[in-house]
């Protein structure tokens, strides 16, 4: 006999999560002309590992089959946040600890951001400033040349920081970069101070005695 004020007792059962669907874009037919190698399921799998585990980018690449460069780009463009003690990507290392190679690799991105800011400032002005317009044009050309990539001679950075020889090599590298940019159509006399500062900083090796480069002690738990 069922009580009129109480319903029947229901038995609840917890079922395990369904496995993620395989990526239909990996190993399967793709749309002709498409450059997309991975589908949404693979992207979701990478994001879950990025945001919920402390695995390195190399370990995530082995588990998912996605290259480390793609993982870094997805994480940066999507704004994915890693756990507190998870390893960070090389392109997110602070500038004080970044190597010269990393600074040169990030130079194109910083010049591109500087060019976009200059264009926005010009668009916000009611009158056209010819000098500012020429400076913005030079920054756009510099960003384009850096994005194209050029082979630079290797520099020895194992010597003590801020020596006379190192400063001479730094100045020579800056002059070489300016010559290459002039060949690409950049007017060196119209380069703004912000863009020139980025160029000089990219060709300057990090200081050996910088606090960020000192060895860390044992971490307390």
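Our numbering is plain: 1 for the first residue shown, then up by one each step along the chain.
Heads up, the Cβ atoms here are built off N, Cα and C, so glycines get one too.
Feature annotation (TrEMBL): of 39-67, 68-96, 97-125, 126-154, the stretch labelled coiled coil is 97-125. TrEMBL assigns the feature region 'Disordered' to one of the listed ranges (168-194, 195-221), namely 195-221.
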